[in-house]
């Protein structure tokens, strides 16, 4: 038997041959040990026959030099993820096949180190200092498994959730991940916490991967390759074959020639990465440690000879060296005076009591009206709209699978068709007619589409595409589902129940909101007495008694964090000193001082600006301020006076707070309680002035 092979009754595995030189340190076990699966189903690691006993940590330094071979990727879990090394960026985790959004990559065990152990052991001065996840009670967690191998990106495709009770971290894909794309997490939403410097390589824009389509019984919103596909090589091969045939038919039609490319070469690896973040050395530690930290690769190797496949040096990469959020990573403190605003004046003990009914205190609370944005009104408008699409019609059921595969390959990423089921079966003239969705009518001429079909499959070449009228939107109610299905089967997604007012709220929460409204009125009046525009703001966290109990994705706000401000454009003679912007700045400054700077966030992003906080403002903020609030991740905004010209909610009809094309949404509420007429006049602001 040749050296470098392990033979069993079940499996013969080629062991990669690695060039060793005198003086090199130990290699990882995975480089020379292969998994041997026995008949009983148990697995064990077997070393090559030429490996001496007692040297399982790595080959001997005196072992003779062998011929270098390009090693293969090493699979680490059921999804067959593998590591690829790059000279500047180090190791990264890559997907060998498409992975759907929402897939659990791994629930990694965590080695928990207490704050005392971490500090007394000077762990920040060791290599582990770059791999600690913030843990509860000031401790740190060292992630095992894949946890310490993910690189950083400001646009991650993997989210992680820490579980203190089980001492694990669950990694879940946040978007569809394509073949050869790197899996990345966000180490910290606050870039000032990142102490490493971006590697010296050109940056590459983010590649947005569109979701594939679903199977016959689903809508276009479902994904084409699921987890079972990833474990089934033959299924993946079939899907790749369909893609190849579609590309060949399209190329033949457009170019008059079928282009053939060999994509089987493992030497030409294409790296796709999320959008990078630019970093500066000023965000890092002292210069004494920077040289060492910045020179480290993604995941430190114990050997100068990498056992992982290296990407070509001319590949443009976009990710910097890694860093997990460090507890001792400090933000740059503000030089401005920072002052914590007083709490609201309200009877918290009474209003948070389960027996509170507001009897005799009706003047201490009022209702608010919900301002719906475009995304929230989606189910109300255009429910009966239709559009024209190309379809294939046939009666032979044997053609269904081929036609369905062609449909998925042709228009899997067309957002306009995501609400439609791909297959529509109708019984007409005593026979069943099957219709398959192809494309929007505007996308193809009949002759062009016919040519593509013929090139794709000879079994479909005799079919002629026909135009069919279908619903243009998803069904939001049972009534809509019934009426739309008469035209074409559509997906059903019940519209979320969006309240029109606060009538269903606890009285205590209404009282807290009313106390906030009274506070901003007083702030605005005080500002006017000083010669400023009478616009006031107040920002705080909703009392814990009113936090949602079962809301998915709820991020706990930073308790006791409070700030207030007013418009200062007059006194500072600066056009950007709007009240909302001043308040955001105050919150940002407060987060740089004690006690808030020492608070360990419960999850990524929970300590970012206005995340999950409530903002009160006297007037509807302008579009600019609404965008600032959106980017600050505010949870809800309450205001008193609407602005017909330039208001960012409904005054401008833009609905900045709830749009599908923006990456955050927040609730906007207009106070509907009683305001004295004298107060209204005092707080009146010229309509043409942007708030």
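The first residue you see is number 1, and the count goes up from there.
Each residue, glycine too, has its Cβ placed from N, Cα and C.
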Given ranges 185-204, 205-224, 225-244, 345-364, the stretch to which TrEMBL attaches the annotation region 'Disordered':
205-224
What is the pLDDT of the domain 'SET' (79-188) when averaged and given as a whole number?
87
Looking only at the domain 'SET' (79-188), how are its residues distributed among DSSP helix, strand and coil?
16 helix, 48 strand, 46 coil
